[in-house]
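**Q** Below you will find the structure I want to go over with you.
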């Protein structure tokens, strides 16, 4: 069996209009369709879906490190963080990191889904870990 790339991302939201505004303004997502309880976007070739669900627990996952990270260019990072602040986005305290691990900002959408904008790549991370994390086992 061969699995392809990610097909789509779906998030349960409590307020469709508020969430549409968030994803358009924070991510620059292009709204493709909007129904009573759903919205679909194109996010740089990723199918992003929002589905309204009112009565579900929303706070538990916020306490974990579970998140989705998107790449941003190093030269755009400060501007991206400033834009999040201007939009009133809930920015989370970041974890301490070595500069070789590049830069990140963590934030949530209106329903608490956690995201990260990160300037590094997987190769950056592996290179850093190989030089510093001698307890780790690496595979080809």
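Keep in mind that glycine also has a Cβ here, set from the backbone N, Cα and C atoms.
Residues annotated as active site, proton donor/acceptor in Swiss-Prot: 116. According to Swiss-Prot, the feature Mg(2+) binding site maps to 8, 67, 116. According to Swiss-Prot, the domain 'VOC' annotation covers 5-120, on the basis of sequence analysis.
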**Q** A 10 Å Cβ contact count, applied to the binding-site residues 8, 67: which residue has the minimum?
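**A** It is 8 that, of the binding-site residues 8, 67, has the fewest other Cβ atoms within 10 Å.
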**Q** Sort out the sequence-distant neighbours of residue 116 (active site, proton donor/acceptor) for me: same chain, 6+ apart, CB within less than 8 Å of its CB, listed by position.
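**A** Sequence-distant Cβ neighbours: 67, 68, 69, 70, 104, 105, 106, 107.
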**Q** Note the mean pLDDT of the domain 'VOC' (5-120), expressed as a whole number.
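**A** Here the mean pLDDT over the domain 'VOC' (5-120) amounts to 90.
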